[in-house]
Amino acid sequence: MPQITNKNTKKLIVFNWKMNPTSLEEAKKLFALILTPKTSALPAGRYNLKPNLVICPPFIYSPIFSSVSGHQSSVKLGAQDSFWENSGAYTGEISAAMLKNLGVKYVIVGHSERRNYLGETDEMINKKVKSALGAGLKVILCVGESLKIRKKAKKVIKNFIKNQLQKDLKGLSRVKSQKSNVIVAYEPRWAIGTGNYCQPEDALEIIKFIKNFLNSKFIIHNSRVLYGGSVTGKNIKEYLKFKEIDGVLVGGASVNQKELKRILNII
Ligand code: PGA
């Protein structure tokens, strides 16, 4: 197996607001918290982080954020999904090209809530990954096992994740230049929104497995792998302390003002 390598020393912290908050007023308050001069300047912290922050609000709030966040800011705009065609008769969808034109830099693809509630398949996710990369976005691809699989042997869990990666990244091994733009988020389904987070050592083991797999199968060196699932101000440090865990994807805690402040203070 090739060595795990990672030239990216900065941690990546992604805030996924999901379908929150319900008003523009509240969204502005959250943006303001994140964009205060203190956090925008982001002094190097105890992990030599000076992290890159990515905010993924609902589409409807994105233009407001893109107008207030400067190009030089270490806070970037992300999206929670994008469609696989650039334009056309696809009612209700938003394309990667539209996001790119708005100043969006990152897009989450294959989130388990979309796989679960909207029936997104690996084939659809694969098309979305390719179109987002083609539009020049960085993709945050979410993979992770269900509780049923979690209860099985580690080998079964790893096989499940390997299978998801193979299908979701199918056809990418030949497109060399797009490799570093793929970020994987290991998000065990049972840990998302449940408060039941994955033990950091367990997450580390799977993340090392994902890196080794990407390096060998897809020749993706230096690809970042994050952890996501019930990350809060209380446990975030436990993930960030490992050099192999390149960052975290925070859902519920990133729309809770108290938790958000706590997280911003830590990082
Ligand atoms: P959570 O969500 O932090 O609320 O568990 C994580 C996610 O959005 O993937």
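Placed from the backbone N, Cα and C atoms, the Cβ positions cover glycine too.
Automated prediction, rather than curation, is the source of TrEMBL annotations.
Since we're looking at a predicted model, the values are computed, not measured.
Binding of substrate is annotated in TrEMBL for Asn16, Trp17, Lys18, Gly193, Gly251, Gly252; the matching candidate from Ser180, Ser230 at the same site is Ser230. Those residues noted as binding substrate (Asn16, Trp17, Lys18, Gly193, Ser230, Gly251, Gly252) have their most widely separated CA atoms at a distance of 13 Å.
For the recorded positions given as Lys18, His111, the lowest number of other CB atoms within 10 Å of the residue's CB is seen at Lys18. Among the binding-site residues listed (Asn16, Trp17, Ser230, Gly251, Gly252), Asn16, Ser230, Gly251, Gly252 have a CB atom closer than 6 Å to some atom of ligand 1, in sequence order. For Gly251 (substrate binding site), the count of additional Cβ atoms within 10 Å of its Cβ stands at 22 [all protein chains shown].
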